[in-house]
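Notes follow once the structure below has been shown.
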């Protein structure tokens, strides 16, 4: 685990350290218009999040998690290195634009192609790293033992702890170096951190648990749906847990699933008729005409996830509002520290959300979980769905607090003297921006419960050969709410 957690930490430091300030880089160094730079960033983010589905499919079907992660981590490093070179080598970016210049020279086609090559490499890297790293880390634990079960639960908590820690460092120290020291140095730091991530990952190669790919899991899903439609006119069988055709390939890595009484229309895919032939080893001669009970139950697992995934999209809407609208609230609030003239940057208030999550996760993992386990007798203290539910409630509460604070800020701005004027936004309220901290702290707690619970839920609900795809659903839900 030190190799995996270390790789995760440095990988996130490298990736986020570059992406956090990329919009400013494109507008100031590459002299792009704001709309052009924003479009590139949005396309990059969208491609990266949806690319996790492709990466997860290739991982689970062909290459396995270890090989995919190794390739993706190296590719991410090369992408960061290419972007760093655009800042370090003067011929790879446009001439610097003077402050008084009315027109600035944009990037040449060659410079743009080199930059987009870096973006492309990062998309490929993120498409492999994001869906596979959680599943690969959880693969190191044996879920059949008590220590393994506790280890998996703790791993998800510490994964998000390192993720948030990396974001805090990136949004403060690395961004400061990029903005105030040098873009070349500021972008070299993430590239070096990603190189360290590569070294740490491959250092543990001999001791990792490596689960091999076992063919396309989506083919099995498609077979169940197709056969269930073909046999839709058949009558349901009595005692389906006994009567339905059941065969488990000897090479399967999936745990055997018991019959469940949900989505019974899918059971017809496992009804054996006189026309269905069986091979000598017990497998169906034509898997597009007869499926096993195990296959049917695996598809049922996927269908059960859909309602939770939809609720996740709504959850992320509230979370993202705090990451964006709270910045505008801070811009039009009094951000001065005490009686000094120093103003806290509006974008820096997001650190309070990360700080809340970072502080709470160790407390939850080491104090709350053992206490709740003794109280309820449950493995994680509370169920995963209860954890997600608490996160959704806290996200709604954060939005309510945000609305109350905004009402107070606006009332003070209209009834009392302002402390200045925000460009293109109007007067700055004399309300202290400290009032924004409660809503941001609540959002951090909501993520500690909701986001971690969602990832753990997907991992445990999906069959073993689809857990990389399960990891990609988290990022796809995030992107869907953006759309």
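Including glycine, each Cβ sits where the backbone N, Cα and C put it.
Automated prediction, rather than curation, is the source of TrEMBL annotations.
Here is what TrEMBL records for this protein:
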type	residues	note
TRANSMEM	12-30	transmembrane segment
TRANSMEM	36-59	transmembrane segment
TRANSMEM	71-92	transmembrane segment
TRANSMEM	112-136	transmembrane segment
TRANSMEM	156-177	transmembrane segment
TRANSMEM	183-202	transmembrane segment
TRANSMEM	346-364	transmembrane segment
TRANSMEM	384-405	transmembrane segment
Look over the recorded stretches 12-30, 36-59, 71-92, 112-136, 183-202 and say which has the most C-beta pairs under 8 A to the transmembrane segment (156-177).
12-30
Long-range neighbours of the transmembrane segment (384-405), counting only residues six or more past its ends (CB under 8 A):
308, 311-312, 314-315, 318-319, 321-322, 325-326, 329, 435-436, 438-440, 442-443, 445-454, 456-457, 460
Return the stretch with the most CB pairs under 8 A relative to the transmembrane segment (12-30), choosing among 36-59, 112-136, 183-202.
183-202
Based on Cβ pairs under 8 Å, which of the stretches 36-59, 71-92, 112-136 lies most in contact with the transmembrane segment (183-202)?
71-92
Given a Cβ distance threshold of under 8 angstroms, which distant residues of the chain, six or more beyond its ends, lie next to the transmembrane segment (112-136)?
4, 7-8, 11, 15, 18, 30, 40, 44, 47-48, 51-56, 58-59, 65-66, 68-69, 71-83, 85-86, 92, 156, 159, 208, 455, 459, 467-472, 475
Under 8 Å between C-beta atoms and at least six residues away from its ends: which parts of the chain pack against the transmembrane segment (36-59)?
22-23, 26-27, 30, 65, 68, 72, 119, 122-124, 126-128, 130-132, 213, 216, 218, 468-472, 475-476, 478-479, 482-483
